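Engineer: This is the structure I have questions about; it appears just below.
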Amino acid sequence: MILIIAEKPNVARKIAGALSERRPIKKSLFGVPYYEIFREGKKLIVASAVGHLYGLAPKRDVFGYPIFDIEWVPVYIAEKGKEYAREYIKALSVLAKRVREFIVACDYDTEGEVIGYTALKYACGVDPRVAKRMKFSALTKRDLLNAWRNLEPTINFGMANAGIARHILDWYWGVNLSRALTHAIKKASGKWVVLSTGRVQGPTLKFLVEREREIQSFVPRPYWVIKLIFEKNGQKFTANYEKDKIWEEEEGKRIVLEVKKSIPRVSNVEIKRQKRTPPHPFDLGTLQREAYSAFGFSPKKTLDIAQSLYEKGFSSYPRTESQKLPRNINFRMIIQNLAKMPQYRPYAHILLGLPELKPVEGKKEDPAHPAIYPTGEIPRPGDLTKDEEKLYDMIVRRFLAVFMEPAIRESVKVTIRAGPHKFFLSGGRTVKKGWLSVYGKYVKFEEVTLPEFFIGERIKVIQVKREKKKTKPPARYSPAAVIKKMEDLGLGTKATRAQILETLYQRGYIEGKKSIKVTPLGMKVIETLEKYVPEIISVELTREFEKKMELIMEGRLTKEEVIEEAKERLTKILEEFKKRELEIGIELAKIVVGEDEVKPLVVGKCPKCGGDLIVKYNKKTGKRFVGCSNWPKCDVTYPILQRGEIIPTNKTCCNGAPVVIIREEDGREFEICLDINCKDWKAKSH
């Protein structure tokens, strides 16, 4: 018997339906559905994970940071709210004992490979090297049968290792840096406030903060524009002055006066025709930007809808960077099926009449998947939600457009001379629709048809207009623009960028769904980290590790090498952080808990003057000690251990010195008198 492991239950159902030579037998185990099917004389079990079944967690409870000793555990242990995964793990464990062969049929990308790898190793209890791999980019019967007939001999260990490394690095960065920020605030204010950052979150927030600073520091500058309003054939037209900005008001007045005294005439008419080639097929980033422009969908919403269309079998796998459509996709068959839908029939018939279907392609490639395309499976009424209908329409029209003829646009530029000055009037129209006939609803071309102008023609002026304006600050990023910027900077992956943006919203670092504004909290976090530990938010460091993950995938680096290097780099960063922990905590606590709450840790009363004994830090060495709040009038100080959390006890010992509890990073606690001459001091200080 063979066990096929899908990524999600509805994908398991699709695979069972495609591969079974009879009607699939649906069964359940611990309430989890699975399917028994027969193919080519073999009995197959098709079961599923439910996304990630395993996550990372510390091997032991440790208080503090850094922490690097982690392991894979069931996801319901690693994360809250994932209890539903327990039954899926149990089901796979039982089913694995009934079979001799394993096939992974999760999504073919790094995340899918990690899901398959961990399910095999931990739930099924087998060596992942024994499993074969179904590789597909769409959930149609023909694609799934093709994947079955062309099984890969193993899972893609390059992808699996890169995915595992990414998970570990993200855990190291996210958990350790978040603990560091939280501990810093606790040290400064005595309050536990969870604050987080991450390997990609930090650099992403940084470029948003940089834009916010540009906007805040922007000083508007006045300028003037000059327009020539005239009439021709009963219509009004507005021509713009040759300089788009006049910086001096007096110059603007002079130009207006000179134009009014002149007799404006047409000095040139320039007509150009340009071919506009069809757009390239959709990669995920382009789809997210177009869907935001057309429908206002956030990048995450677009990805979620595209994933749903994929799982329903209507479009191909969405997490792709490819802008190419390989020839092994049966374009003609897909278009023949799309022709059954009235809204696409006219365009499909045009394409079916061509001797060859050759798509326009972009430059970007993806080794795992082609560009996004409709599968040719036709949705029935009720199959799609309203938002799914919108995105499906965009995907279909884009697919049809890439095979169509170029559009031809005509642009007209009329030059009007008024004395020594020039004005320009521009128009543009589509003279041959080509691909715009099918995709034009998603493309913004201005259609401005001008009447015929002749050189030397006198212009009937209505008004010479001078308008005062002010320069505007840079625009805030839209969600789609953030995804594009992350792509350009090499931050995150096609699959993670949308979620990183959502996380920044959830953390309270940014706000505004269309125009993203960084909150005071987001500004303060970046300002503080820039000041004390800038490497935490380094775009270069993040990009460097992204490239190393690609090298793991290509087999040119091992995951162990990259994980070890990341550990070393992060250890150094956290060492610097600890030296400035109190200062960082004070800065952050001012905005997180309020300035009034930022107070030093008081461990007792001074036996000499009655002042507060507080934890202080040496500015040169960064080492902590206890001193009197009335310094320099009172010079009482005590040394204190440099490790562990200090907890006051309200008790005293030798000569009125306070007794404190030191809580070690492993959770152990012990009491110590702060007087260095106390008989217990030396024993406890080692």
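In case you wondered, yes, glycine gets a Cβ from its N, Cα and C as well.
This is the feature table in Swiss-Prot:
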type: DOMAIN; residues: 1-141; note: domain 'Toprim'
type: SITE; residues: H52; note: site 'Interaction with DNA'
type: DOMAIN; residues: 156-574; note: domain 'Topo IA-type catalytic'
type: SITE; residues: R166; note: site 'Interaction with DNA'
type: SITE; residues: D170; note: site 'Interaction with DNA'
type: ACT_SITE; residues: Y317; note: active site, O-(5'-phospho-DNA)-tyrosine intermediate
type: SITE; residues: R319; note: site 'Interaction with DNA'
type: SITE; residues: R507; note: site 'Interaction with DNA'
type: ZN_FING; residues: 606-634; note: zinc finger
type: ZN_FING; residues: 653-678; note: zinc finger
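Walk me through where these features lie, including what they touch and how far apart they are.
Structural biologist: Taken together, the residues of the domain 'Toprim' (1-141) have an average pLDDT of 95.
H52 (site 'Interaction with DNA') falls outside any helix or strand according to DSSP and counts as coil.
Following the DSSP three-state reduction, the secondary structure of R166 (site 'Interaction with DNA') is helix.
The Cβ of D170 (site 'Interaction with DNA') lies under 8 Å from the Cβ of G198, R199, V200, each of these being in the same chain and 6 or more residues away along the sequence.
A C-beta separation below 8 Å, combined with a sequence spacing of at least six in one chain, links Y317 (active site, O-(5'-phospho-DNA)-tyrosine intermediate) to D107, Y108, D109, S137, A138, Y310, H369, I372.
Sequence-distant contacts (6 or more apart, same chain, Cβ under 8 Å) of R319 (site 'Interaction with DNA') comprise D107, D109, L284, L303, H369, K494, A495.
Long-range neighbours of R507 (site 'Interaction with DNA') (same chain, six or more residues apart, CB within less than 8 Å of its CB): S196, Q201.
The list of residues near the zinc finger (606-634) in space but at least 6 beyond its ends in sequence, with Cβ under 8 angstroms from a Cβ of it, reads 187, 578-580, 582-583, 600, 640, 642, 646, 652, 655-658, 674.
Counting residues 6+ beyond its ends, the zinc finger (653-678) has Cβ neighbours under 8 Å at 60-65, 603-605, 607, 613, 626, 638-641, 643-647, 684-685 in the same chain.
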Engineer: How many helix, strand and coil residues does the zinc finger (606-634) contain under DSSP?
Structural biologist: 0 helix, 11 strand, 18 coil
Engineer: Taking the Cα atoms as reference points, how far is H52 (site 'Interaction with DNA') from R166 (site 'Interaction with DNA') in Å?
Structural biologist: 14
Engineer: Since the record lists H52, R166 as recorded sites, which of them has the fewest other Cβ atoms within 10 Å of its Cβ?
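Structural biologist: Counting other Cβ atoms within 10 Å of each of the recorded sites H52, R166, the minimum falls on H52.
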Engineer: With DSSP as the yardstick, break the zinc finger (653-678) down into helix, strand and coil residue counts.
Structural biologist: 3 helix, 11 strand, 12 coil
Engineer: So how many of the residues in the domain 'Toprim' (1-141) end up helix, strand or coil by DSSP?
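Structural biologist: In the domain 'Toprim' (1-141), the DSSP-based counts are 45 helix, 42 strand, 54 coil.
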